[in-house]
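As given in TrEMBL:
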- B:G157, B:V158, B:S159, B:R160, B:C161, B:G162, B:K163, B:T164: ADP binding site (BINDING)
Number of protein chains: 2
Amino acid sequence: MQRKSNFRDVFYVSDGTAITSETLGHAVLGQFPIETHQTTHPFIETNERAEQVKTLVNQSHERTGIKPLVFYSIVIPDVKVIIEQSNAHFYDVLNVLVEPLKHDLQLEPEPQLQRSHSINKDAASYQDRIAAIEYTLAHDDGISLNNLDQADVILLGVSRCGKTPTSLYLAMQFGIRAVNYPFIAEDMTSLKLPAAIEPYRFKTYGLTIDIERLVAIRNERYANSDYASLEQCEKELHKVEGMFRREAIPYLNTSSLSVEEIATRLLDISGLKRKMC
Amino acid sequence: MQRKSNFRDVFYVSDGTAITSETLGHAVLGQFPIETHQTTHPFIETNERAEQVKTLVNQSHERTGIKPLVFYSIVIPDVKVIIEQSNAHFYDVLNVLVEPLKHDLQLEPEPQLQRSHSINKDAASYQDRIAAIEYTLAHDDGISLNNLDQADVILLGVSRCGKTPTSLYLAMQFGIRAVNYPFIAEDMTSLKLPAAIEPYRFKTYGLTIDIERLVAIRNERYANSDYASLEQCEKELHKVEGMFRREAIPYLNTSSLSVEEIATRLLDISGLKRKMC
């Protein structure tokens, strides 16, 4: 069976988490006008598992008549040899840069069985990250405004503008302690910065969103409610953005941004350092 | 000033989030016996900002006498030209694979201003991800055992064995709806699978941890408490692991694993598909 020629099976293979292969593979494939079916095969640490993946790759080739694409990062030599025997195009996501680095640094690589995304790389920053996740969960959605001195960043905004996913992403990926606080309908009559946040305005940022998008998101949750009405969304956004301007709180419109983009833009405008990766 | 020669300044530069450059750069640098000082420069979208980064790179070179390493992924041509004029070694993390893919696919790339980690790539899977984060937060730490039919995975374990960070990571990175439920001291006298979870045992997994590590982690939180005592930790782990075995719940020891590794291993043993990346 021959599928249309711009369709490719893609395999991400690693003796680690395969996160590096996936990240790079997605980014590179996004540059080409092709459709893909992607599967990920992490922790391929034995010859037996490697042979299984090789079989899957070869079956894809036989079925489609087109060589699949294999993005891989494999440290165990035997596993690597087996995978490279499959009938595919290969992209070694690490080695492709190891070679030029070797030349530029005039150093030999010392391949680590301790891979990226491993806990042992940096135990202290790993503990910081877990602590940041805990702090952020404890300060999600206005649950607590205690211990704000320990916050790295405080996010404000109306309900459903992206505060919670952004806060969690900041904690998870960057070890940042994020507080988020929602303004609700009842706050609108005399909207002001909460007194507990006032002393920390230097690390406070606003999130906002386009009216139509907020209406759509709120309707998904509570269809045809006052909460999701155009009038209510418009009123809240108008009041909250007005307060951001009045109080000189820098703010960001999240409408067309992913969580990754909101989080990295906040780091960028705040000058906060990523504490780990 | 000449620093010791195995020390390098590293710059991650992108007109997007710089996440791809960072991920790959970390992984590759981890292969070499060098120390680094790394800074990230996302959203370099104007000539002016590009010139600022170029100045920083050149200053690093002048200060150290050693060429810095620049890992970059830049779509805007003018920005790219400016960055590439700095005095550094360059690693174009996307193009290094775009060339071989071009050859293998016999296709020309269509560079996207819509980069990876952008919301517009796949709006539906993005909404799934936000929904997964919400579901997971609402089912964290035993808060709720409702709607378990919608869960992709249910995690069980003693307090502080890694359930919450793992659940959030699964939701954030993979769009997986994760429930987690802790067994506490009071459960130990007649430990059993909660009745609400019983019908969903096919998607239930255990997390466990080494005694010494649990003692250390609990002591960080509540030093010298009964909760953190060797006796209590030993008892809970013994009982809970016994139940996992008795009930044939597959389980994983998290002691030496990062959140990424726990999450990807769970996907691996459960056969769950990553819903997005």
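Backbone N, Cα and C atoms are what each Cβ position is placed from, and that goes for glycine too.
Annotation note: B:G157 (ADP binding site) sits in a strand segment as assigned by DSSP.
All chains included, 25 other C-beta atoms sit within 10 angstroms of the C-beta of B:G162 (ADP binding site).
Non-local neighbourhood of B:C161 (ADP binding site): B:L207, B:T208, B:I209, B:L214, B:T254, each in the same chain, at least six residues away, with C-beta under 8 Å from its C-beta. Proximity to chain A (Cβ-Cβ distance under 8 Å) holds for the following binding-site residues out of B:V158, B:S159, B:R160, B:C161, B:K163, B:T164: B:T164. The Cβ centroid of B:G157, B:V158, B:S159, B:R160, B:C161, B:G162, B:K163, B:T164 marks the ADP site; residues of that chain outside this set whose Cβ lies within 8 Å of it are B:N180, B:P182, B:L207, B:I209, given in sequence order. Note on the binding-site residues B:S159, B:T164: the fewest other CB atoms within 10 A surround the CB of B:S159. Between the binding-site residues B:G157, B:R160, B:K163, the minimum number of other C-beta atoms within 10 Å of a residue's C-beta occurs at B:R160.
DSSP assigns B:T164 (ADP binding site) to a helical segment in the three-state reduction.
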